């Protein structure tokens, strides 16, 4: 009545926190199950009401309904779960039926509770998926923003290129104007010489020549002012080139920042804890953007000042032009007066008039160029305003993403906390369920018929189909009489290795949780014990319990690294042959020890068994190997299989002539919670029990058979003493029972596989094995203790 399959309970309850459901808000599970998210519904019934309708749930289960019918919507609070876990079986000492009924009711309640936890876990999974989608959308938006910024930088670069071209044109125009000014100076010099010559001819012309000299001085001043303007334009061009260089530097910095952001994105996908670094990088990028914006504002102000200066100089140039025009008109009037006296002066004055007109045309073209520059300045100012708006928008979007990222970090931390709490609750529920099933359980497995078995048309082994015995009962027929037996689980001849392992996977998980676990196979020779425990490791479907258990241990330990757990594994293998312990991993142990006593393994060593105060078992001088992967353990298993003692008997061509014990010690520490555990997994393949009359053993085979039967008889004595609750339990009568003392004495979670052969000639042996297993199943041992340590285990954890 203790069977309850909790396959997957470790995964289903990993992320469930006991504090997820506040007392004032109850989530209803049932109608919203198809959506995967628990919704808030009407108030649920109290736990007492759940207890009152257990009969209804049981009757629905008897009618073929699934466990925990979906039409029932049951919810639990933290107090009710604690009460359910702390509930103990009450009743009279020998009222087995009443205790079993209470256990059944308790198990049904636990089914409802676990199912509720599974529903809540589904909601957590969907919430996690939503968070992942939100993060991906934020990353896409960030990529689009970066592309837009890159496009704007390209536009600014094109504008700078245009400004460079215009600056080059202005420089060429200035060079032309300078040459014209030099020509004008030369003309003024010739005019002065003409005036000096005219002064010799007429004294009155001296005053006019003085005025011409004054005009020459003013023209020189204008040339100087134009030179200053040319220098300022050169400085402006230099500043533009510096600004272009700075923008290119900023672009390279932005590209480097973009690469850094991409690296940080990859880091975010791998580990969300690096979001803070990404946030700092984005802050640096924002600071550089602010600096670029401030620099652009400063450049804008400088351009405005430069334009104002150019406008002032243009106004001065216009005034000078007007004054020159006036002077030219006066000079023209005076030259007309003196035209009669000197023809050369008239010709030179005509030339000066032509040059004056040319200068006026040059000033007009310069005015047009200044007008065009003003339009370009206005366009650049408008673009600068648009860039300011885009920077503001980018900053706003960055702040929004920053807040979203902070919210995601908070939700992630909360989810991790809930995950840790859910893992604690899972371990507690898992241990409670195994305690309710019994710390020592018995499974029965019937192997298929083999070609060498005796053929018969009569069905000697049958399986009851009643609801109470379905999957738990087995009946043997001998001489027309039926012998019924009931165990925790019965596997028929069609059961696969995977089917068998599914039933013990939770027990293997207990070893990682810090408990001592022992699984051993018992049965007559040729009943399939070694196949059950080892199988064929090279074939996936035929792998036995030992390789499958170790694969689960390593896979689970790797998955628990995300929660901060680090594990170290140590393996040892021995056999008990003729009441002598042999180290199968010793370097002196030879391979292929068929039909020999194989005394090379551990020559001259006395392997003494010792038990410490904490219930841990140690074998002195035994080889212990650190293992970090399934590949290393497989190599050790092959080495041990080659060294194990086997021999040929009439019942089995390759019969195991010794008890094989594989021990895996597990040391674990959680860096975040500082929790430390020490678990032990013992996997034992006992030698086959057989009668001397059937085995046909002689000589050394006879001594081996006698030693095997003696050790198994001592095991029976220990089991019977435990069943009777005797004060003295004869553990020391054999090396096997003394080695298994912590497993049988209540300090471990123990499971025994009794293997049965369907051969009609082995019915008597099968009934004896099943009777022994039934006595083991009736034993009640103490509660297993979880092995924790206050010492730091970091020095032991060389590999995870």
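Cβ coordinates come from backbone N, Cα and C, glycine included.
Automatic, uncurated: that is what TrEMBL annotation is.
Matching 398-425, 426-453, 454-481, 482-509 against TrEMBL, the residues noted as coiled coil span 398-425. TrEMBL assigns the feature coiled coil to one of the listed ranges (20-54, 55-89, 90-124, 300-334), namely 300-334. Of all ranges given (18-37, 138-157), TrEMBL attaches the label region 'Disordered' to 18-37. Each of the binding-site residues 523, 526, 528 was scored by other CB atoms within 10 A of its CB, and the lowest score goes to 528.
Model confidence over the domain 'Kinesin motor' (439-779) is summarised by a mean pLDDT of 82. Within the same chain, residues at least six positions away from residue 527 (ATP binding site) with a Cβ under 8 Å of its Cβ are 447, 688, 755, 756, 757, 762, 766, 769.
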